[in-house]
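Let me begin by presenting the structure, written as structure tokens, before commenting on it.
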Amino acid sequence: MGLAGFARPLQWFKSQWLWLLLSIAAFWLLMRVQVEWLWFGQFDWQGMLLRRWLWQLGGLLLALLVVATCQLWQRNWIKLEGASNLAEPALPLHGWRYGLGLLGCFVVVVGDLVLLTRLAWLACFKPFALGHWWSEPFEDIWALVIPLSCVFISICVMLGNARGGRIAHLMGCFCFSISIARGWGLWSLALAIPPTGIKEPLLGADVSFGLGQFPALAFALVVLLAQLVLTTSTTIWMKLAQPESLSDWVFKGLSPRQCDVMRPLIGIILLTLSALLWLSRHELLWTQNGTVAGAGWLDAHLILPLRSLASLAILVLAFLVIPFPWIQQRRLWRLIASIIGVGAILLEVLLAPFVQWMVVKPRELKLETPYIIRAIKATRKAFQLDSITTTLINPQPQLTQLDLEQGASTLRNIRLWDSQPLLATNRQLQQLRVYYRFSNAAVDRYRFVPDKANRQQVMITARELDQAALPKRSRTWLNRHFVFTHGYGFTLSPVNTRAPDGLPDYFISDLGTSTRLEGSSELGITREDVKEAVPIGRAALYFGMLPSPYALAPSKLKELDYPVGDKNIYNHYLGSGGVPVGHPWQQLAAAMYLFEPRLLNTGSLTINSKLLIRREVRQRVSAIAPFLEVIGDPYLVSTSVNSRDHDYQAKQNQYWIVEAYTSSRTYPYAANLPDGRPVRYLRNSVKAIVDAYSGRVHLYVSEPRDPIILGWQRLFPDLFKPLEEMPSSLREHLKVPTDLFNVQVQQLLRYHVTDPRIFYSGDDVWQVPKELYGKRQVPVDPYHITAQLGSQESSEFLLLQPLTPLARPNLSAWLAARSDGDHYGKLVLLRFPSQTPIFGPEQIQALINQDPQISQQFGLWDRAGSEVVQGNLLVVPLGKALLYVEPVYLRARQGGLPTLTRVVVSDGKRIAMAEDLGEGLRALVDGSSKKAVYLNRNDLPPIKAADQSN
């Protein structure tokens with residue numbers, strides 16, 4: 001039969017396997033699509049998912065059109081007849097010139113493949129980072145780039161001629177298509193983002209161009225340029241690497257016909273490069289190379305004109321390359337345009353450092369002043385520092401009884417419990433089983449007594465299920481996914497009281513039928529007040545902040561609800577959330593989605609069973625709105641929601657509040673964060689509410705003037721609701737996120753200065769002060785207080801950050817973020833007079849530790865085998881004075897329970913230490929308490945901390 005007889009069956013066999021593999025891939029994709037469709041269906045958001053798919057499909061079709069055009073051009077060019085003896089060849093190569101051309105072409109192909117592979121990698125795993133791909137970390141891509149480069153080298157070596165280049169081109173086309181399709185978020189936002197009406201002063205573009213259009217255009221031009229260059233270089237490679245050329249080390253050259261067909265593609269490449277250079281002028285607006293952020297004098301007067309000139313020269317060159325018949329003396333003009341374009345680029349590289357050193361540096365302040373003003377204004381705008389209300393206060397040097405009376409509402413909520421000691425106590429007393437875990441303690445406030453103007457500040461900790469803590473013998477597949485499915489309940493503690501033994505008081509503790517609700521006679525709160533203000537209801541936590549595997553519920557197996565003594569109480573999931581898996585085809589889809597074949601043979605599923613996935617609430621919000629950044633820890637709220645709101649279940653009381661942000665790296669003239677993170681614009685634009693039982697998600701827009709979120713609202717109008725539609729019982733628990741506040745504090749350290757001369761000299765830079773916590777010196781974190789702001793009669797919930805001058809410990813200012821009612825999100829800067837030194841946290845702690853009686857008591861406790869932990873030092877405005885409060889905890893050196901042992905108070909002039917805050921204040925004001933240690937500062941040696949620098 002011969003070899004030819006076997007060729008046809010072999011070809012048939014290969015095609016059958018190919019179709020089988022394609023069918024399996026299509027079926028697997030269909031199953032994944034079904035699960036995703038049903039998952040979004042639980043929120044009635046299939047329309048949003050469909051729009052996302054359509055955007056990706058549109059991008060894919062556009063990419064395939066470009067790819068098909070490139071493939072068609074390449075195939076037609078390859079078919080053209082090469083150089084002959086009758087025609088004068090172009091670019092003939094031989095000897096070392098041929099080797100150099102071969103090497104150069106190879107380097108271009110590999111470089112293009114590396115770039116396209118990197119973009120495809122980001123598109124698959126970080127699609128919303130494509131707009132700033134050049135600044136993304138590169139280390140995790142090497143695992144893909146190096147093998148691909150080796151594969152290409154092997155292909156070229158083994159296959160030799162055209163096939164190696166063709167496969168490389170197909171690889172690049174595949175990466176190009178993935179990048180375009182998965183970059184849907186860039187294109188859609190660029191089309192939908194509204195103008196802000198704010199023009200940047202250098203190029204006159206609206207700020208929204210930098211926030212939305214620039215990232216999309218930059219990515220589109222880069223990926224298109226890479227694809228076109230790859231098409232050209234692989235095509236040339238296929239000609240250079242012909243067997244006869246490799247054997248003779250000679251390339252005969254290109255025929256005139258081949259050159260004519262090549263010129264339009266070269267012209268398009270040059271047009272794309274020209275557009276990219278023109279767009280790069282906007283990149284000057286967010287550089288960090290000069291004195292301040294954004295374009296400086298050198299950028300505006302040298303680099304900007306040079307880039308414009310280079311772009312125009314390459315544009316002219318592109319038209320000269322394309323064979324238009326009416327253009328005469330083509331070679332001369334091409335040479336002139338090339339010299340101008342390359343010369344402008346070289347001048348930018350070579351001349352800019354010289355001009356900076358010779359012209360700008362000697363007159364830097366004068367030349368850069370207009371640009372410093374722009375940078376200050378833009379940075380303050382980008383981080384909402386321009387809306388800060390500044391108040392000057394001059395506190396009295398000594399606390400009086402009148403201050404205590406005026407600040408009575410503040411004193412009722414002075415926080416004495418830090419989150420770390422409270423968590424340590426909860427983990428030993430309230431976790432109750434090894435598989436429960438308290439992840440964090442969130443500060444919040446509840447209105448226990450309706451007729452009181454002020455709400456009680458509390459700490460709430462959710463008791464979540466930590467499957468990693470299950471004993472090994474209990475980590476079976478059925479236990480992990482059918483039985484141990486949820487956490488249960490929470491603890492609620494007042495921040496300002498303690499039990500007689502020094503442990504925390506609890507409004508709510510324990511769990512299940514053993515749940516204890518207690519009032520506080522000290523605070524005037526009854527058990528009924530707690531029961532009314534903090535309903536518990538159905539306290540199972542199926543969704544939380546800990547990573548959790550998928551769960552299948554309800555099923556034939558009962559789920560562990562909570563333990564009671566030595567017994568366990570079991571229950572079934574009754575929520576509406578989840579993906580139905582009651583029917584065989586749904587189970588097949590879930591098994592393929594999870595790569596879990598055991599689902600098909602478990603026998604434990606019922607017709608009502610549901611698959612619960614994405615149970616970590618931050619991951620859940622990110623899956624629904626991947627264009628939002630979910631930063632920081634969510635916090636739990638337990639409250640009643642009006643049953644008239646059909647989006648909420650009447651029996652459900654526990655909800656997670658998740659903070660979601662929009663950000664940008666391309667806000668004109670705005671500065672990076674001082675810690676180096678390339679964030680130049682940040683808004684806490686969305687508050688997400690997640691039902692802890694059913695997983696239902698609600699997204700509310702908290703920054704309606706943010707152009708980025710306005711763009712997403714245009715694209716997905718059904719996804720977001722205005723903040724006013726959030727139930728009032730949940731809105732009462734909103735607070736300014738600590739992560740956003742920290743970013744604003746970092747920028748304020750330098751950008752509180754608006755005078756360009758002072759800003760340039762750096763004479764008025766602030767810093768976050770430090771304090772001694774335990775045995776370590778740490779920066780003072782922002783802390784929540786319920787206090788009166790200025791001359792207000794009632795207190796409000798504030799997030800406060802004290803600030804000191806750089807390298808000096810005296811207090812310069814407070815930044816306070818308001819969270820209550822109509823004042824939500826407003827920033828207030830309380831500035832202290834510079835001529836009157838106000839003690840900062842370091843100095844007060846130095847006073848405390850130099851007090852002979854206090855230090856003696858600390859030493860006695862240490863020698864007795866206990867460890868003294870000095871807690872967070874709070875600086876609180878009280879009347880017309882300042883009050884410094886530091887809790888002191890005592891714990892055994894080996895895993896003991898932290899107990900609140902003492903409270904140290906000071907007004908900067910006097911110090912008192914007592915068993916509770918009331919005794920300490922009485923001692924501080926009039927020295928009347930016999931239970932307190934009291935000392936006047938005049939009796940102390942000079943403060944050592946005053947001479948320390950940070």
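Backbone N, Cα and C define each Cβ position, glycine as well.
As written in Swiss-Prot, here are the features:
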TRANSMEM  20-40  transmembrane segment
TRANSMEM  53-73  transmembrane segment
TRANSMEM  102-122  transmembrane segment
TRANSMEM  141-161  transmembrane segment
TRANSMEM  173-193  transmembrane segment
TRANSMEM  209-229  transmembrane segment
TRANSMEM  259-279  transmembrane segment
TRANSMEM  308-328  transmembrane segment
TRANSMEM  335-355  transmembrane segment
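If one looks beyond the transmembrane segment (173-193) by at least 6 residues along the same chain, the residues whose Cβ comes under 8 Å of a Cβ in the stretch are 52, 55-60, 62-64, 66-67, 70-71, 113, 116-117, 119-120, 122-124, 127-128, 130-131, 208, 211-213, 215-217, 219-220, 223, 226-227, 626-627, 707-708, 710-712, 714-715. Nonlocal intrachain contacts for the transmembrane segment (53-73), taken as residues 6+ away from its ends with a CB within less than 8 angstroms of a stretch CB, comprise 169, 173, 176-177, 179-184, 187-188, 224, 227-228, 231, 261, 265. Ranked by the number of CB pairs under 8 Å to the transmembrane segment (102-122), the listed stretches 20-40, 209-229, 335-355 are led by 209-229. Taking Cβ pairs closer than 8 Å, the transmembrane segment (259-279) reaches residues 73, 76-77, 80, 90, 214, 217-218, 221-222, 224-225, 228-229, 231-232, 307-308, 310-312, 314-315, 317-319, 321-323 in its own chain, all 6 or more past its ends.
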